[in-house]
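One structure coming up, written as structure tokens, with questions to follow.
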Amino acid sequence: MSDYKHTLNLPQTDFPMRGNLPQREPDMLKRWGDIELYEKIREEFKGREKFILHDGPPYANGNIHLGHAVNKILKDIIVKSKTVAGYDAPYVPGWDCHGLPIEHKVETMIGRAGDKVGYKEFRRKCREYALEQVAKQREDFIRLGVFGDWFKPYLTLDFKTEADIIRALGKIATSGHLQKGYKPVYWSVVGGSALAEAEVEYKDKTSNSIDVSYPAENEQDLLSAFADASGEGAVSIVIWTTTPWTLPASLAVSLGAEIDYALTQCSVDGRPQRWIVAEKMLESVMARCGVEDYQVVGRCTGQDLEGKTFLHPFYKRSIPALLGDHVTLDAGTGVVHTAPDHGMEDFAVCNKYGIETINPLDDRGVYRDNVELFAGEHVYKVDDHVIEVLKERGRLLSHGKITHSYAHCWRTKTPLIYRATPQWFISMDKQGLRDQALAEIKLVRWVPSWGQNRIEAMIEQSPDWCISRQRTWGVPIAFFVHKETQELHPDTARLVEEVAKQVEKTGIDAWWDINAEDLLGADAQNYEKVTDTLDVWFDSGVTHSAVLEQREELGQFPADLYLEGSDQHRGWFQSSLKTAVAIKGKAPYRQVLTHGFTVDEKGHKMSKSLGNGIEPQEVMNKLGADILRLWVAATDYSAEMVLSKNILERTADSYRRIRNTSRFLLANINDFDPVKDMVAMDDLLALDRWIVDRAWLLQEELKKAYEQYNFVQVYQKVHNFCSVELGSFYLDVIKDRQYTMKLDSLGCRSAQTAQYHVIEALVRWIAPILSFTAEEIWSYIPGQRAESIFLETFYEGLQPLAEGSEMGRDYWSRLLRVRTSVNKALEEARNAGKVKGSLTTEVSLFATPEMQHDLNALGEELRFVFITSGASVFGVEDASESNSVATETEGLRVGIRSSEHKKCGRCWHHREDVGAHGSHEDLCGRCIENIDGSGEERKYA
């Protein structure tokens with residue numbers, strides 16, 4: 001038998017089968033840097049319609065984790081998909097650079113500011129440290145293949161940005177949304193500073209649970225509130241608390257106006273007593289206190305008890321009964337001990353009754369010297385002493401432990417307290433900010449849609465935002481206030497601008513260096529500088545003003561999109577919304593997209609302590625960034641995002657399918673010159689015309705999916721196209737034609753033209769997701785092209801089939817269904833040992849008239865569609881159990897038999913004319929025509 005390999009057009013390409021991504025990707029990054037690709041993209045798309053995704057700044061501290069990677073990859077997929085869709089989509093990454101975690105790090109290195117080191121030097125070290133962290137994180141983000149202006153990012157520590165943050169504060173102040181108040185705020189005793197709601201996270205904490213009695217100050221007066229009071233023994237009201245440390249600050253008890261209270265006779269240690277408790281809570285209170293025998297000896301409502309007084313359990317302090325809407329019957333006694341220093345509701349109800357705070361704690365959570373019994377003790381450690389004192393005074397009725405959800409600092413992970421201090425607030429209601437924000441929320445597109453309900457609920461319940469911090473490393477609240485009244489200077493707008501100009505030159509140190517006399521003149525003796533700094537959520541929250549509107553390449557408000565993790569409804573989305581509405585009266589974003597957290601296969605949050613964490617660096621070093629990017633695209637980001645080693649392996653398999661399909665296409669067009677070999681669309685063979693139409697249709701679907709941020713659909717459709725329509729059908733069918741026909745024949749060039757169109761489109765479809773691989777593929781596609789795929793838009797060489805085409809979409813859909821049924825029958829026959837490969841067989845198709853029409857339309861080329869050596873069509877009435885088997889396709893039976901003919905040594909088909917030609921005894925007539933003659937002709941497949 002002769003070797004005919006040299007007569008075949010076999011696929012050939014230098015495009016590697018193995019991705020070898022961990023080695024190739026860094027080389028690609030270097031090339032992108034060398035050619036200044038990001039800058040070239042900006043130049044190429046200059047003047048087109050803009051799409052602005054505004055980057056929520058990660059905190060400049062520590063290595064990036066998987067959550068960071070997910071966030072940046074999602075942003076990059078969107079920015080690149082908008083670019084390929086023809087938008088000018090610049091991406092300016094940012095970093096949040098002020099605040100407590102950086103202060104803590106620097107404190108461990110050089111000591112506390114004002115103690116071991118001067119404030120200016122401390123701020124210099126903080127700046128230095130933050131910039132080091134930015135450099136580290138930037139390297140990892142770039143390694144992910146994320147495009148952006150990485151070496152001109154926005155940093156909240158940039159002098160210009162710091163100045164613009166101060167300007168934004170000035171605008172909010174002059175628009176009347178700012179107020180100074182003495183209110184309880186979340187306070188970190190570890191950090192010695194106030195915290196905003198967004199900096200609070202809730203974790204389980206085990207606390208002391210105690211019931212305490214407050215004796216009546218005037219029993220006779222108190223009992224007059226009960227119309228039918230009887231019984232004997234001392235009268236007291238019972239409170240329940242899980243924060244014994246707040247009792248030194250207890251100034252009142254609160255009751256519900258409409259709640260029914262019971263005067264209850266009981267006996268404790270043989271002594272008769274009468275307790276006042278909400279009647280509905282009586283059973284649970286008595287059970288907690290170990291009292292079995294009791295009876296109600298009087299009833300009244302909370303309203304009846306208003307103004308009655310009790311005595312503090314261990315101080316000589318009169319405790320009035322107040323009415324408060326916050327009192328519920330969910331737990332406790334229906335009576336709430338009220339400490340205005342340590343709770344918003346407590347503060348509000350005391351404020352209504354004219355009861356002032358007493359400020360018993362210092363910044364570090366230590367009781368001041370004037371606090372009787374507990375001076376010098378720390379809130380974290382004082383509970384046992386408080387309980388001991390209550391026991392000694394006979395006021396402790398029960399003591400247990402309770403595990404409950406408790407506020408913790410999201411940075412230091414330590415429990416928070418409420419502490420009343422003078423602070424600066426953005427008022428939610430003074431100028432109607434809450435209502436305006438709620439109205440703006442409705443105009444924004446929220447992805448997923450439940451995000452709208454979530455942020456609406458948060459804004460509805462949001463307290464005034466405490467924006468002041470008692471820290472060293474932060475943007476100053478650059479105001480002058482009157483020494484006596486604490487009112488803002490009447491010329492605040494001008495003064496803020498003067499300060500901002502100085503900060504623009506030398507940074508936030510300018511505020512501390514400014515001489516008040518230089519700005520205020522004679523007024524300086526009556527005014528003082530505010531020494532507080534801004535909440536870091538204010539820094540990032542005003543980047544719509546300090547960055548979006550300031551950067552020339554962005555230059556628009558609102559942004560098209562904000563994209564962050566789902567925790568940012570209470571964080572950056574909310575702080576940005578409040579400040580934008582306060583300054584501009586508008587939301588800072590048109591769309592908001594949120595993604596879920598990363599979890600392991602069991603749904604557990606990833607953490608080092610659990611040992612289930614997967615670091616992005618580990619994935620990139622082992623599998624490559626493109627595998628991580630593909631996992632992000634293939635995962636539903638609207639819920640928790642599950643990742644494990646098994647999932648990564650499956651993702652790598654999917655990647656190989658896309659890569660191998662691309663490689664096969666490249667191998668098939670290796671000698672193709674699109675300038676001279678391209679076949680006109682109308683001249684393509686029917687099957688080739690169909691695959692181009694299918695690619696056109698898919699491209700339209702992918703454009704829509706990208707536009708809707710439905711990357712799972714993009715992944716599924718592309719993967720399905722590669723594995724089913726290309727891999728299992730089209731590329732399988734055309735092998736014979738492409739390999740065996742004359743290279744310059746219409747049949748061969750038509751197949752190459754179609755594949756050229758497909759790879760040109762496919763490479764663009766995957767570029768936003770598989771960025772490294774797409775760029776690699778791009779460099780192997782024949783023909784002149786731009787130096788990067790990322791300078792291109794969606795491929796315009798695809799065309800849909802004309803409506804009503806004889807062999808249109810419906811025709812090929814019907815044929816594919818028949819082919820699937822034939823393949824199944826062939827597989828069953830092969831498994832049963834009746835036949836070998838499909839080319840050793842001939843098939844008989846017994847079909848309905850309509851189906852016969854479809855099948856006969858392909859004439860002699862029908863066998864190529866089934867990859868069999870013969871295919872005959874008969875009426876379904878000619879079928880029998882002996883000559884065919886039923887199929888899933890209604891009206892179709894298939895007969896399969898081994899061919900009796902010899903095998904062609906070149907095309908491997910079994911044909912009756914093999915050996916009929918003397919010059920080539922082992923070839924079929926078709927192959928001889930393709931070698932020695934003018935070549936076979938095909939019309940369809």
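Each residue, glycine too, has its Cβ placed from N, Cα and C.
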Of 110-114, 295-299, 605-609, which range does Swiss-Prot call motif ''KMSKS' region'?
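Among 110-114, 295-299, 605-609, the range Swiss-Prot annotates as motif ''KMSKS' region' is 605-609.
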Would you mind telling me which of 25-35, 58-68, 399-409, 487-497 Swiss-Prot tags as motif ''HIGH' region'?
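Comparing 25-35, 58-68, 399-409, 487-497 with Swiss-Prot, motif ''HIGH' region' matches 58-68.
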If you draw a 10 Å sphere on the Cβ of CYS907 (Zn(2+) binding site), how many other Cβ atoms land inside?
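Other Cβ atoms within 10 Å of CYS907 (Zn(2+) binding site): 23.
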If the Zn(2+) site is taken as the center of the Cβ atoms of CYS904, CYS907, CYS924, CYS927, which further residues of that chain fall within 8 Å of it by their Cβ?
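Other same-chain residues near the Zn(2+) site: THR740, GLY905, ARG906, TRP908, HIS909, ARG911, VAL914, LEU923, GLY925, ARG926, ILE928.
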Kindly report the helix/strand/coil residue split of the motif ''HIGH' region' (58-68) according to DSSP, in that order.
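For that range the per-state counts are 3 helix, 1 strand, 7 coil.
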Cα-Cα separation of CYS907 (Zn(2+) binding site) and GLU564 (L-isoleucyl-5'-AMP binding site), in Å?
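With distance taken Cα to Cα, GLU564 (L-isoleucyl-5'-AMP binding site) is 56 Å from CYS907 (Zn(2+) binding site).
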Which one of these binding-site residues, GLU564, CYS904, CYS924, CYS927, has the sparsest Cβ neighbourhood, judged by other Cβ atoms within 10 angstroms?
GLU564
